[in-house]
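For reference, Swiss-Prot has these:
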type	residues	note
DISULFID	Cys11-Cys72	disulfide bond
DISULFID	Cys26-Cys118	disulfide bond
BINDING	Tyr27, Gly29, Gly31, Asp48	Ca(2+) binding site
DISULFID	Cys28-Cys44	disulfide bond
DISULFID	Cys43-Cys99	disulfide bond
ACT_SITE	His47	active site
DISULFID	Cys50-Cys92	disulfide bond
DISULFID	Cys60-Cys85	disulfide bond
DISULFID	Cys79-Cys90	disulfide bond
ACT_SITE	Asp93	active site
Amino acid sequence: NLYQFKNMIQCTVPNRSWWHFANYGCYCGRGGSGTPVDDLDRCCQIHDNCYGEAEKISGCWPYIKTYTYESCQGTLTSCGANNKCAASVCDCDRVAANCFARATYNDKNYNIDFNARCQ
């Protein structure tokens, strides 16, 4: 769920607040469209698509589904024992949080003009 995703981000990117990723580029935060502005934005596009796939599992609501995962020390390696939906959502979040840690954060891509740059 989004709260657990926030915690994963804080684990993998401890030097930046999670909310810096909530309105970044064309895909981090609300919806998404157009071409990702950089690698970090591509992480969010992949995460959005991953949640879309998880939603195809009967009764799976990624934004609110809770799951178990191993506590972190800079990288997240395991999602623990979960049912199919929870495992899918956890893996979406784990992959994205680790992707965020590898990608460069460009301040110019925070809070961009969505209508002008993301069509």
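Cβ coordinates come from backbone N, Cα and C, glycine included.
Not measured: the values here are computed from a predicted model.
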I'm trying to understand the geometry here, so how far is the Cα atom of Cys92 (disulfide bond) from the Cα atom of Asp48 (Ca(2+) binding site), in Å to the nearest whole number?
9
Cβ within 8 angstroms of the Cβ centroid of Tyr27, Gly29, Gly31, Asp48: which residues besides those meet this for the Ca(2+) site?
Cys26, Cys28, Arg30, Gly32, Cys44, Gln45
Among Cys44, Cys90, Cys92, the disulfide-bonded residues in question, whose Cβ has the most other Cβ atoms within 10 Å in this structure?
Cys90
